[in-house]
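Participant: Quick one: the structure is below, and I'll ask about it shortly.
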Amino acid sequence: MIKQVMRDKYFLLLLAPVLIYYVIFKYVPMFGIVISFKNYNLFKGIWDSEWVGLKYYIQFFTNPDAFELIRNTFLLGAYKLLFGFPAPIILALLLNEVRWSIYKRFVQTVSYLPHFISVVVVAGMLTLFLSPTIGFINDVIKAFGFQPINFLMEAGWFRTIYVASGIWQEAGWGSIIYLAALTTVDPQLYEAAEIDGAGRWKRMLHVTLPGIAPAMVILLVLNAGQILEIGFEKVFLLYNPATYETADVISTYVYRTGIVKGNFSYGTAVDLFMGVISFIFVFSANYASRRLGETSLW
Amino acid sequence: MKRKVHLFDVVNALLLSGVVVATLYPFVYMAAVSLSASDYVIRNEVTIGPKGSISTCTTWF
Amino acid sequence: MYHLVLNDPRILLGYKNTIVYVALGTLLSLSFTAMGAYALARKNLVFGKTFMLMIVFTMLFSGGMIPTFLVVKSLGLMNTIWAMTIPGLISTWNLIVMRTFFQGIPKELEESGKMDGLTDIGVFTWIVLPLSKPALSTIGLFYAVGLWNNFFLALLYLRDESMYPLQVILRNIVMAGQYSDAQVVSASGDEMIVEESLKYATILVSTLPILMVYPFIQKYFVKGAMIGSVKG
């Protein structure tokens, strides 16, 4: 053992900063979770704050908002999966049928672009475009003689806006993996299908789709595992008290109660509860995708 | 091998053009509005190209 | 419109801060990621499997927002340039992509370097890194874009307005409708300022760097996404 360490000493030296980073910023916080079982106080510190057992967990479950928060987190993720998952597949299938390669590359390049735009810019654009007074979407609605809709102030619209803007931003980027899978499809299969008299629709159904099916299954499983991992930033930037009933999710609630109001112990308890459920989801999804024999996160 | 252009190719090209427009239009629109003179913006006349932009552009420097 | 945006001291400050955060953050993140990934790419590294498991586990479970916040706070990083660069130092995904890339470098090259009397670090610096320019630029760009777009770290760890990056200032102007004095003055003057034009101009000014360099660098991003998807 010591011999191996000596042999690899330079490698360990190179790895040291990474390991220190993971210990301090990933593993120390994991032990910091104990504050959810204590009455944590900034001045007393973690060790001297008194234990309170499950007090904060009980407080969360007896909170009338708890159900709504869990439901919102779950539904937002579920709609994102339901509509966001097929979008890159459809785009990849359409792109695959383009024969003029310059046009294909142009569409690809353009469709990847929104992936690199910051959440703040996307949220800012949505706020302005959807505004009932200055937004061009409402200008169109008004032009047809309808009443303008105050999209961002109506709870009923939040999920649609969240999911649709997510598709706008990520469908192109998500199609890369399917296009990569399609390059591995044997061109002879297409020729054989053509000789058999298969039309384009048939070829797509019997050659192209089976070609990307493994990638689809894996991504479906992995995305399903991440259903509860709702990005904090976009919800935070788009929601407001008027839309809390559909928009408020666990992470934004943790931010408001924990960081803003300073209820560190309570916020940590809520976060841990969701973290554990999310862990079970991601873990089972990875286990499933391993069993399917292809790939997994580890 | 040369192939005929099918109806599907046309529809597909149009659909993908739709994707391109949907992706780029927000940026084009923002550029047009921000470069247009105020009166046109207020009257909602800006759609693709900037209107009356010269006056605002020259004041940059 | 643009003279108002470009003369807004907050925008200039935000630009300056963001450029500093991106430059420092990319340098640190890329160096440490490359070093760590190279060590982890070694087949029989002592404890290599344990280290990998420890790193991948953090993709599944984390201490959460508040314990991380308390760690950053107790280290005294709040309101410093380090708050924007250190808490997100290593992206596990980038580390794995980089490691996959290093695993593909032929062993013979490294061995020939050792024959010439180089240490392992010498081999890494003089042989492996020069061969890895495409991977380094790809991962560097991923980090740079991530830092340029970062809002979360600033929201949590920066309280001092003079430290705000562009994204926070952008949000304050576009979504909260805060105007600078110059804008209020000219709004009351002869030239009528339309709120929406001003906001769109602000958005474009802060996104322009990405929009402009994007066409030239997008192929690197795609390459990175490919490596990541093959062995994600």
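For all residues, glycine too, the Cβ spot is worked out from N, Cα and C.
So TrEMBL lists the following for this protein:
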- A:70-285: domain 'ABC transmembrane type-1' (DOMAIN)
- A:12-37: transmembrane segment (TRANSMEM)
- A:74-95: transmembrane segment (TRANSMEM)
- A:116-137: transmembrane segment (TRANSMEM)
- A:157-183: transmembrane segment (TRANSMEM)
- A:204-228: transmembrane segment (TRANSMEM)
- A:264-288: transmembrane segment (TRANSMEM)
Participant: Check for me, if you would, whether the transmembrane segment (A:74-95) reaches the transmembrane segment (A:204-228) - at least 3 Cβ pairs under 8 Å, residues 6 or more apart in sequence.
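Facilitator: With 3 or more qualifying Cβ pairs, these stretches touch.
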Participant: Same chain, outside the transmembrane segment (A:204-228) by at least 6, Cβ under 8 Å from its Cβ: which residues?
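Facilitator: Tertiary neighbours of the transmembrane segment (A:204-228) are 73-74, 77-78, 80-81, 84-85, 89, 92-93, 96-97, 177-178, 181-182, 184-185, 189-190, 193, 198, 250, 274, 277-278, 281-286, 288-289, 292, 294-295, 297.
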Participant: What parts of the chain pack near the transmembrane segment (A:264-288), using Cβ distances under 8 Å and only residues at least 6 beyond its ends?
Facilitator: 32-33, 35-40, 42, 49, 52, 56-57, 59-60, 69-70, 73, 221-222, 224-229, 250-251, 253-255, 257-258, 296-298
Participant: Sort out the residues at least 6 away from either end of the transmembrane segment (A:12-37), same chain, that have Cβ-Cβ distances under 8 Å to it, and list them.
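Facilitator: Long-range Cβ neighbours of the transmembrane segment (A:12-37): 5, 46, 49, 51-54, 56-57, 264-266, 268-269, 272.
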